[in-house]
């Protein structure tokens, strides 16, 4: 299917088959499609509404074209979310990666610079002193040595360069805003994945089921966070061995007090890192609590905790005893040694 035909179909409201979407995505990712065609197609697709089949096909093409990170670990975990919730809160998903690694998970943390908040995973890790420009073998070595590696998206998804211009110029969310967490270059089958809109909670879980993931928690909070919130209830779609279950969780069920989002907001990567370090030093406040509840879910997703309750309790202890802080420091050293 050529780009003009695909644009015609989606603007008429017709869903593409997986085979058709695969052809279109290959043209976008290999530079065959023009910027105008890319923009027109993405907008048409958004107005129609992306289907699970279309998202699955697009993710498969991106995975195929990515620079792979090969690690001999069947239970790799990723905590990458979509970003884009405009909350300007500390980078919870990054903090969770180190708590989960301290709890025995092997973590391939996929991430990038900021989408719409003050800082993304890459910004925070750079502020901590980590090198971001590692190649696939160096990332794999960090995972082997310290249990966590950072997969900086531009290093692994070079084919994305063809879509960057149109996406930036359009300035609206498109299919690509949800593809990042679906295209981990290490193929992590376990995930805690926050999405920027509740509309995506179940479709993303269904997409990951089609892609072969094992245990995933897709989350969106009522207060808008693409994390499990301590300021509101959170909607969860749990994928576990092919079955998807929806439920809601609250901070109270884990014995945590509610907090205002303003208690978690930061203006720079350095401020985000400072809040993370406070939590990693065992200082119990809103930052500690939101990291604990999300890291607990990550431990459960990685099958390192039998229940969410056990995961949250375990994550809190890893924060209190300094294990998460030591893991962060070991990771930063590893990025500078490999």
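Cβ atoms here come from the backbone N, Cα and C positions, even for glycine.
Within 10 Å of the C-beta of residue 81 (anthranilate 1 binding site) we count 31 further C-beta atoms, all protein chains included. DSSP classifies residue 81 (anthranilate 1 binding site) as coil under the three-state reduction. Swiss-Prot lists 81, 112 with the feature anthranilate 1 binding site, giving sequence analysis as the kind of evidence.
Here Swiss-Prot flags 81, 84-85, 89, 91-94, 109-117, 121 as 5-phospho-alpha-D-ribose 1-diphosphate binding site, drawing on sequence analysis. In the shown protein chains, 30 other C-beta atoms lie within 10 A of the C-beta of residue 110 (5-phospho-alpha-D-ribose 1-diphosphate binding site).
Annotation note: residue 93 (5-phospho-alpha-D-ribose 1-diphosphate binding site) sits in a helical segment as assigned by DSSP. Cβ neighbour count for residue 93 (5-phospho-alpha-D-ribose 1-diphosphate binding site) (all protein chains, 10 Å cutoff from its Cβ): 27. The Mg(2+) 1 binding site annotation in Swiss-Prot covers 93, 227.
Around the Cβ of residue 167 (anthranilate 2 binding site), a 10 Å sphere holds 19 further Cβ atoms from the protein chains shown. For 167, the entry in Swiss-Prot reads anthranilate 2 binding site, with the evidence type sequence analysis.
Every protein chain considered, the tally of other Cβ atoms within 10 Å of the Cβ of residue 226 (Mg(2+) 2 binding site) stands at 28. Marked as Mg(2+) 2 binding site by Swiss-Prot on the basis of sequence analysis: 226, 227.
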TODO: Please report how many Å separate the Cα atom of residue 226 (Mg(2+) 2 binding site) from that of residue 113 (5-phospho-alpha-D-ribose 1-diphosphate binding site), as a whole number.
DONE: 16
- [ ] Starting from the Cβ of residue 112 (anthranilate 1 binding site), draw a 10 Å sphere and report how many other Cβ atoms land inside it.
- [x] 19
TODO: Pop the Cα-Cα gap between residue 93 (5-phospho-alpha-D-ribose 1-diphosphate binding site) and residue 227 (Mg(2+) 1 binding site) into the table, whole Å please.
DONE: 8
Open item on the list: Among the binding-site residues 89, 113, 227, which residue has the fewest other Cβ atoms within 10 Å of its own Cβ?
Closed with: 113
- [ ] Looking only at C-alpha atoms, tell me how far residue 81 (anthranilate 1 binding site) is from residue 93 (5-phospho-alpha-D-ribose 1-diphosphate binding site), rounded to the nearest Å.
- [x] 7
